[in-house]
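A.B. asks: Structure in structure tokens, see below.
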Amino acid sequence: MLSIVVFLPMVVAAVLLAVPRIGDRVSRWTWVVVSAIEVVLVVGLCIGYRRTPPVDGGFAYEERRSWIPTVGSSYHVGIDGFSLPLVALTTVLFAACAIYSLRETRRVRFYAALFLFLESVCLGAFVSLDLVLFFVFFDLSIVGMYFVINGWGHGQARRAALQFFLYTFIGSLALLLGFIVLYLAADPHTFDMVELTEANPLAGNGARGAVALAAIVVGLAIKTPTVPFHTWLPPAHTEAPAAGSAILAGVLLKLGTYGFVRIAMPMLPDQWRRYALVIVIVGVISVLYGALVALAQTNFKRMIAYTSVNHMGYIVLAIGAAGLVADNTEQARTLAITGAVTQMVSHGLVTGALFLLAGVLYERRRTYEIDAYGGLAGQAPVFAAVTAAAMFASLGLPGFSGFIAEFQIFTGSFASAPVYTALSVLGILITAALLLRAYQRMFLGESTNGAFPDFTRREAVSIIPLMLGSVVIGVFPRFLLDVIEPASRMLGVLVVR
Amino acid sequence: MDQMTDDMMVSDLLALAPEAALALAAVLGLLLGSFLPRARQWPVRVLAAVGAVTTIAMTVTVWQRDVYTLFEGSYGIDTATNTVRITVAGSILLLLAMSQPETRGNARESEFVVLLVLGGLGAILLAGANDLLVLLTGYLLASIPLYTLTAFGKDALGTEAALKFYLMGALFGTTMLFGATLLLGVGGGTDYPLLATTTYDAPHAVLGIGAVAVLSGLLFKAGAVPVHFWVPDVAQGARPAVAAIITTVPKLGAVVAIYRLGALVLDPSGLNWRLLLAIIAALSMTLGNFAAFFQTDVRRLLGYSTISQVGYLLVGVVAADRSTLALPAVLLYLAAYALTNLGVFAVVCALPRLRTLTDYTGLIRHKPALVIALIVCLLGLIGTPPTGVFVGKLMVFTAAFDAGFGWLVVLALINAVASVFYYLRWIVPAVSGKSAVDGERPGPFSVAGAVAYCAATASILIGIFAGPILNAMQGSLAVP
């Protein structure tokens, strides 16, 4: 069942590529239909998961087949409270992008195939329970996104794509190095995540453990990205097509943060605790630096890209704080981790929506410069309202998912890292200021520069559901938190063992 | 007593049936070729294909047999030899197919085929050699046909490349002979099992010089730094099909020969050969990659890329005998590399008029399938999962780390990143941009193109079915 969910898009992508006679129209609608089917399948997964949740530390829909037994690697997939929300997010966001891209005209067959391929790869990474398998999907996501930026981006797309590829590829290889160290430390040697988590192979091994943690953290930090590894992100986001940016920010960045909770924390608990303060500091710097640099942007898309650095910073802060043992309780730890995972989902929805909104701007006027727009609220009221909602959601206003996430992160982190948490709250202030300022300049006041048509049906159908999702999580968070919390509690226990 | 040695002789000869099939195909091909009319020599090609298929079939039937040596320990038959037999024979099949546009109907078609088969046979002998003299024979057989092939096009570039290749090859052949003499002097023999026991007490200076001299010839065949400089010239100067042969086939034998020499002779002798090889591996990767950066000619670029790939392979050889993963890792990598490299060259052969990277601009509009095959193979060379080379790299790196060469692994990873750059310089124009010229008008069906599709598919399949393949490649080297 899980494998079908993962590989269905890839199979359809292969068919799209293999049959050259398929026209643009058919390609587009195939894409939309397949991504809709994926959403339905994942809803089915969720229902089944709620009905029979796995035991603590266990996985639902587990499948395991021998793959490379020589190195103890298998095709092992499964779902728990961390992966399910992200799997759901992935399918929703890809469906939104499919609908949004209905107007795409350039090489549609390849475009659709590429996105379907990416969807498979992202889903695969979130459900992998084997390090090699995870790495395979992780790496392929880079390849897929590279071609999206390179083939359909604008401006300096080629350069941005190359920079993106090289940078994140370095990260993935650092990750591979860490995986190899973990593999060799385990006895018997294995790449299986469940076995490695149980074995905790590098407990008490200072030097090797530090090497493994450093390699894995650098790899994931590049993907996340946190300061100082964020420099690839703004150009990649700015030059990518709207749907590509939405996927990049909404899903691919989550591979990094997901890796922290799935791999780094449970498999290297000793080292994680020892260096937790470093992680916390990196998180806080990302929060503040991302917000401050975003404040200085005149390009709307770049600004959102930098707020991603800021939002990812909260996640890093929370998982770092969860590793601080002093003054920390199990409850606070659970809260911080739950907040971090909620933030992943929330950021995916909200930033995905914001990038698609940026795409709407670009389609109308071919620029992202904030100063090129003014008074849009009068001309395009629906567009203005949705953008306002997305911006408020992004700055963490109550009633939206971001508030739930950030509230949990701050309360969960405060006890163990009060100063750092207090500092990072400043980040909210700065993002509030910059988002409101940008909104004011673009949407309020006198309209300038001619006509600006409101949402088309396609745009509305793709973007509004993302915002609705954020509101639903913001108002009724329990259904999501009930899924995440058991896994968070489990992880909290694993980290302090 | 005599009766018994005769029986052993016969059984030894029978065990060499896979090699014999290729040798027979070459000899018969030569005869057949001299009787056939110049313009219709395709039966020779068929004969060679039959020979290669026979080699594969006969190797498969003996795969499960225990490891053993022949002719008083001078030739080893084990998983390593068997893998090289199958890989070389498979490569010959692919090369026969992809060289078609170039050599089909050529007046010297049968010469081309025969030389190709002989070169392949030499590579197999290199891999199986368990004695310095057999090793030298293998070296010569793997070299001389290739010198000739390099000049096959009879053009200025090819002739120059052939001359360079030949002079270098002769030099290192002699060096090897010199090294073998030294080892014979201090070890009292040329077969590996004997050398393994006698060299421990030998004077280290002489032993070291001898070992380095022998290694230098093998490194030359493998195209590793510091004896690599012929590779890009030959890759660029020779015909694309010939370049494909030279950058693929001899490596298969040479790398296994280095592995065997290192594990069986140098390790017991107490020389620090691992460090030496690790340095060579590091230099090959780094130099190959950095020199490839700004190449504009695709074949020259592939020449440098193949130097860097040998570096990664040697990373695995460094771990020989220290990690149980080393042997299957190197063998899997070799097989996957051969397929992937041939896949790229098949694309080059299918488009012989496109010489530079910019010639490939916008090609995806005209030949989407071929470009996708090219992308798969180039990404495979980078080591992107789930291709076979990725699994090979993963295993090789793991083995080297296990053997205590963490620094080398880190260096190899950095190199892998650097290599992305120049492979992308080829991929990027191919998938984007408008083609300046109208490009190659597609023929209805191109054999070289079909080879490219097969190689691309197979390189992914090796990755997906790496488990069973690796299981089959487990094993140890043959020691009498």
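In case you wondered, yes, glycine gets a Cβ from its N, Cα and C as well.
The following feature annotations were taken from TrEMBL:
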TRANSMEM  A:6-22  transmembrane segment
TRANSMEM  A:82-101  transmembrane segment
TRANSMEM  A:108-126  transmembrane segment
DOMAIN    A:128-431  domain 'NADH:quinone oxidoreductase/Mrp antiporter transmembrane'
TRANSMEM  A:132-152  transmembrane segment
TRANSMEM  A:164-186  transmembrane segment
TRANSMEM  A:242-263  transmembrane segment
TRANSMEM  A:275-296  transmembrane segment
TRANSMEM  A:303-324  transmembrane segment
TRANSMEM  A:344-362  transmembrane segment
TRANSMEM  A:382-405  transmembrane segment
TRANSMEM  A:417-439  transmembrane segment
TRANSMEM  A:460-481  transmembrane segment
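Please go over these features one by one and say how buried each is and what sits next to it.
C.D. replies: Distant neighbours of the transmembrane segment (A:303-324): 221, 224-227, 230, 233-234, 237-238, 245, 249, 253, 256-257, 260-261, 265, 272-273, 275-291, 293-294, 297, 333, 336-337, 339-340, 343-344, 347, 351, 354-355, 358, 370, 394, 402, 405-406, 408-409, 412-413, 416-417, 420-421, 424, 427, 430-431, 434-435, 438, 491-492, 495; these residues of the same chain sit at least 6 beyond its ends, with a Cβ under 8 Å from one of its Cβ atoms.
Under 8 Å from some Cβ of the transmembrane segment (A:344-362) lie the Cβ atoms of residues 85-86, 88-89, 92-93, 96-97, 100, 154, 237, 241-243, 245-247, 249-251, 253-254, 257-258, 300-301, 304, 307-308, 311-312, 315, 368, 373, 383, 386-387, 390-391, 393-394, 400-402, 404-405, 455, 459, 462-463, 466-467, 469-470, 473, 480, all in the same chain and six or more residues away from its ends.
Note on the transmembrane segment (A:382-405): residues 307, 311, 314, 339-340, 342-343, 345-347, 349-351, 353-354, 357, 360, 376, 428, 431-432, 435-436, 438-439, 443, 454-455, 459-460, 463-464, 467, 469-471, 473-475, 477, 481 of its chain, located 6 or more positions outside it, place their CB under 8 angstroms from a CB of the stretch.
Under 8 Å from some Cβ of the transmembrane segment (A:417-439) lie the Cβ atoms of residues 277, 280-281, 283-284, 287-288, 290-292, 294-295, 300, 303, 307, 310, 313-314, 317, 320-321, 324, 370, 387-388, 391-392, 394-396, 406, 410, all in the same chain and six or more residues away from its ends.
Listed as Cβ neighbours of the transmembrane segment (A:460-481) (distance under 8 Å, sequence separation of 6 or more from its ends, same chain) are residues 85, 92-93, 96-97, 99-100, 338, 342, 345-346, 349-350, 352-353, 356-357, 360, 382, 386, 389-390, 393, 398-404.
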A.B. asks: Taking contact to mean 3 or more CB pairs closer than 8 A (sequence separation of 6 or more), are the transmembrane segment (A:82-101) and the transmembrane segment (A:242-263) in contact?
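C.D. replies: In this chain the transmembrane segment (A:82-101) contacts the transmembrane segment (A:242-263) - 3 or more Cβ pairs sit under 8 Å.
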A.B. asks: For the transmembrane segment (A:132-152), what are the same-chain contacts with Cβ under 8 Å, counting residues 6+ beyond its ends?
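C.D. replies: For the transmembrane segment (A:132-152), the nonlocal Cβ contacts are 67-68, 71, 73-77, 104, 106-107, 110-111, 114-115, 117-118, 121-122, 124-125, 158, 160-162, 164-165, 168-169, 172, 175-176, 179, 191, 193, 223, 236, 239-241, 243-244, 247-248, 252, 255, 259, 262-263.
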A.B. asks: Do any residues, 6 or more residues outside the transmembrane segment (A:275-296), come within under 8 Å Cβ-to-Cβ of it, and if so which ones?
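C.D. replies: Distal contacts: 210, 213, 217, 221, 226-227, 230, 303-304, 306-324, 413, 417, 420, 423-424, 426-427, 430-431, 433-434.
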A.B. asks: Go through the chain and flag residues at least 6 beyond the ends of the transmembrane segment (A:108-126) whose CB is under 8 A from any CB in it; none is fine as an answer.
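C.D. replies: For the transmembrane segment (A:108-126), the nonlocal Cβ contacts are 5-10, 12-14, 16-17, 22, 24, 27-28, 30-31, 34-35, 38, 77, 83, 86-87, 90-91, 94, 97-98, 101, 133-134, 136-138, 140-141, 144-145, 147-148, 151-152, 243, 247, 251-252, 254-255, 258.
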